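Single-structure report; data block below.
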Amino acid sequence: MVIMSEFSAVPSGTGQGQQKPLRVGFYDVERTLGKGNFAVVKLARHRVTKTQVAIKIIDKTRLDSSNLEKIYREVQLMKLLNHPNIIKLYQVMETKDMLYIVTEFAKNGEMFDYLTSNGHLSENEARQKFWQILSAVEYCHNHHIVHRDLKTENLLLDSNMDIKLADFGFGNFYKPGEPLSTWCGSPPYAAPEVFEGKEYEGPQLDVWSLGVVLYVLVCGSLPFDGPNLPTLRQRVLEGRFRIPFFMSQDCETLIRRMLVVDPAKRITIAQIRQHRWMQADPTLLQQDDPAFDMQGYTSNLGDYNEQVLGIMQALGIDRQRTIESLQNSSYNHFAAIYYLLLERLKEHRSAQPSSRPTPAPTRQPQLRSSDLSSLEVPQEILPCDPFRPSLLCPQPQALAQSVLQAEIDCDLHSSLQPLLFPLDTNCSGVFRHRSISPSSLLDTAISEEARQGPSLEEEQEVQEPLPGSTGRRHTLAEVSTHFSPLNPPCIIVSSSATASPSEGTSSDSCLPFSASEGPAGLGSGLATPGLLGTSSPVRLASPFLGSQSATPVLQTQAGLGTAVLPPVSFQEGRRASDTSLTQGLKAFRQQLRKNARTKGFLGLNKIKGLARQVCQSSVRTPRGGMSTFHTPAPSSGLQGCTTSNREGRSLLEEVLHQQRLLQLQHHSSTAAASSGCQQGPQLSPVPYVLAPCDSLLVSGIPLLPTPLLQAGMSPVASAAHLLDTHLHISAGPVALPTGPLPQCLTRLSPGCDPAGLPQGDCEMEDLTSGQRGTFVLVQ
């Protein structure tokens, strides 16, 4: 791997102890943007235009001939693509061991990181971004180029938050009717035909990936994911995915038409443009003009921007050499300066939309510094005051010598030598009054490398397991297949052809949500959704934040110190209304349980303690010095009534049954006393208490009226009467009534064991076995 130090040491003879930035050609390297298995990406600034660029530095010594051919093919594809939503290629430099690819720098990074930080997009925002993505992909297809690796990591955002399609490492030429066979791409975005190892049509492959991208933009999560590659493969082949409740019907229809398992039934790019969801915003239709302004980009047709050429000529750069470089697609220093100045001009125009462009100045063999004020582009387009005097100097030779002298200042000895662009005699041709060399090392080595043919598609690839980490976050095949053993193996999807269980259409059924498998809004990152900085409350983070997945989408940045938003909650149904009935039933049940518990449950428990009286199982000292009652054996009537089997009855039925028995017994005893038996003192009903044990006073339980005490009495009516019973609880000691007990009370001796009262009924609230002594049995 190429490792460059950020600064090069200044020779000690200069007397300066500081370090100056590393220079590569006409670029000052500022910092590292990323590193891969065989390349490193640096952020640099052009020394003439002061424009920031991204330089991809590739170590050719670590590439075999097949992978090096892929690199050359990527360069050739980027030379053919000039679109506002595609990363622009500025310059290509090559040495014996190194390859330098200078491209446009997207200031706001990847769409992947944006979703990680802000959550999923609204459908209006997603529609705007998807129009730009669709325009770029359609432009590629019109030039017979297929991308084959469309994903949010390869969608960059410039300073205006516009989409820039990048990374054509898996791109290739295609011809209609001639299928491709290379299995490449990223697992979550790969089409079923790639997993099956079949030949495929390039545009249909990109349409599937576009459907996954649109799903990620709207939902913040992946439609297909899994803990390992076989599980992911099975889900992709089934074509089943979840639909969140907040997705509109039109958006769902569009995604389902793109994510069709059968490639022949999949929607096309032209049909996507005409879909109702895409046509919902008329303003986007006006902005999406296929005949966009390509002035200055169609250099091979002789359509050049005269203002940019005039500025370059005023700076002392040879005009004829610049035109030749543009016509030959050399992408050397001349073309780089031209394209960079053209970008600065467009940025200036977009910053001042009200200003009208003035007519281009008349061609002159040479422009003086005073003539620069007549151009439309002001001097702010060439910033940096320390360098401006040399740029506007009327002496072209002075500029040439200053730039070349600065180039010589580069430290060419030590380990940094292969990283720096070599100084050769061809560089002198950049400026006017210099001889024009017929050939140059910078552009002849990468002019005709890309060749169409089956050899590019029939590459021998070995099946390897999914690595733990790769240069790309979602990649099936890397160009580092035949690198040194220190490099991770490439990722290849199994080539075994498996028949799809559902050919033709995507399944409408929804998978059950699983926190470990499904999107749990982008663990991710997808919420990730680490993915998290400031965001509106309505945006949800990526659902797969912290989830176990074979593809860490929206997970990598989950722990960057930002607040994680809650994951998107997917319902079983397709629409939000599908869950309203279930939620209503749940709320009704909760309210019903609440109302049922608010009345009678405390009293019912106490009634159970009074009605299910028990005998003494073991004599222990009771709490509070409870007095002992000596009672005779219970009457036979009570025994006969309570010997029936009560197994299988509920607690409430037992209480009601015993309560009715007590009331019947009391009624019969009262009638006998009034007919001539021994008359006892007429006492008012006294509370039936278990006083000393719990110091609780339970007021008299009213007896049911006689008409209700019939065999056919409804248990529901008795339950309702019991639930209305009022209990008076007192914490203080209660004096027991003196005098003879009423006939309804019977004293039980400590050793008695009344028949009909099973031992299991010897349990009372707040009364242990040590507190059981003499009890009062309510008859």
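Note: Cβ is positioned from N, Cα and C throughout, glycine not excepted.
As the structure is a computational prediction, the values presented were derived from the model and not from experiment.
Look at Swiss-Prot and you will find 27-278 tagged as domain 'Protein kinase', backed by sequence analysis.
Packing around ALA39 (ATP binding site) is summarised by its Cβ count: 22 other Cβ atoms lie within 10 angstroms of its Cβ, all protein chains included. What Swiss-Prot lists as ATP binding site is LEU33, GLY34, LYS35, GLY36, ASN37, PHE38, ALA39, VAL40, VAL41, LYS56.
Taken from Swiss-Prot, the feature active site, proton acceptor covers ASP149, and the record attributes it to sequence analysis. Reduced to three states, the DSSP call for ASP149 (active site, proton acceptor) is coil.
Sequence annotations record features per position, and here Swiss-Prot assigns phosphothreonine to THR182 (among others).
According to Swiss-Prot, the phosphoserine annotation covers SER186 (among others), on the basis of similarity to another entry. SER186 (phosphoserine) carries neither a helix nor a strand DSSP state and counts as coil.
As annotated by Swiss-Prot, domain 'UBA' applies to 303-343.
Summarising the annotation, Swiss-Prot assigns phosphothreonine to THR322 (among others) and lists similarity to another entry as the type of evidence. According to DSSP, THR322 (phosphothreonine) sits within a helical segment.
Marked as region 'Disordered' by Swiss-Prot: 350-375 (among others).
Residues annotated as compositional bias 'Polar residues' in Swiss-Prot: 363-373 (among others).
The region 'Disordered' feature in Swiss-Prot is assigned to 449-472 (among others).
What Swiss-Prot lists as phosphoserine is SER577 (among others).
The region 'RK-rich region' annotation in Swiss-Prot covers 586-612.
Here Swiss-Prot flags 621-641 (among others) as region 'Disordered'.
What Swiss-Prot lists as compositional bias 'Polar residues' is 628-641 (among others).
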Nonlocal neighbours by CB distance (under 8 Å) for LEU33 (ATP binding site), same chain, sequence gap 6 or more: VAL41, LYS42, LEU43, ALA54
Candidate recorded positions LYS35, ALA39, THR182, SER186, THR322, pick with smallest Cα gap to ASP149 (active site, proton acceptor): SER186
Maximum Cα-Cα separation in Å among residues LEU33, GLY34, LYS35, GLY36, ASN37, PHE38, ALA39, VAL40, VAL41, LYS56, which the record lists as binding ATP: 14
Number of Cβ atoms other than its own within 10 Å, given for ASP149 (active site, proton acceptor): 26
